[in-house]
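Structure first, then comments.
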Amino acid sequence: MQLITTENKLAGSKKALEIIEKGITSGEVNTLGLATGSTPETLYAELVKSDVDTKNVTTTNLDEYVGLAASDPNSYHYYMNDLLFSKKAFKESFLPNGEATDAEAECARYEEILSEHPIDIQVLGIGTNGHIGFNEPGTSFDSITHKVVLTDSTREANKRFFEREEDVPTHAYSMGIKSIMNAKKIILLAFGENKAQAIKETIKGPVDVNCPASVLQNHPDVTVILDNEAASLL
């Protein structure tokens, strides 16, 4: 596990972009795994400005809310199109289908996509409770793509994106922890003091399902990029 501490979110995002650019330019990155939320927004803005050619790169995403159409401004389809896909050309882009009514079939469909497009670099954020994707504390390390019940803390963290608290979805489709760990390389991004405790448990704590991100200690190629605040408890 390589640890990089930077001055701020912009510097950390640029460091992550360097790794991604190098992988794409060398031809080592054919599939790029992407995350959503506030953490990677600056990375995507920098990627849009970058000269790196992504037309032969396929993308996959970690998760999507259950019940939201791709056209819904709160869906992750919309988020990705707004911040990245409408501004940068990729070969193909895959996300779980939030409108799928057969959860088992949708999860199997997405796992098939992941098997056809093995992830070369997976970008991750981390929740204040240590979740990666929507894999909440207690999720099995053997989990593959699944339908998850969102915890109160996760819904609370995401309610700022919705007009009303009751509009925040209660479920999501998420790549499982095993699905994430199958990526050849992982870049974990964390910025801000509110992520410091989760980062401490991820890097220094025991590998335990109560902090899902702690499983990254078992991955052979992880780069953790932090700002000074997120690194403050290390």
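Heads up, the Cβ atoms here are built off N, Cα and C, so glycines get one too.
The active site, proton acceptor annotation in Swiss-Prot covers D63, H131. Swiss-Prot lists N129, E136 with the feature active site, for ring-opening step, giving sequence analysis as the kind of evidence.
Taking Cβ-Cβ distances under 8 Å and a sequence gap of 6 or more within the same chain, the neighbours of N129 (active site, for ring-opening step) are E136, P137, T151, S153, T154, A198, C211. Straight-line distance linking the Cα atoms of D63 (active site, proton acceptor) and H131 (active site, proton acceptor), rounded to a whole number, equals 12 Å.
Cβ neighbours of H131 (active site, proton acceptor) (same chain, under 8 Å, six or more residues apart in sequence): P137, T139, T151, T154, P212, A213. The 10 Å shell around the Cβ of E136 (active site, for ring-opening step) contains 22 further Cβ atoms across the protein chains shown.
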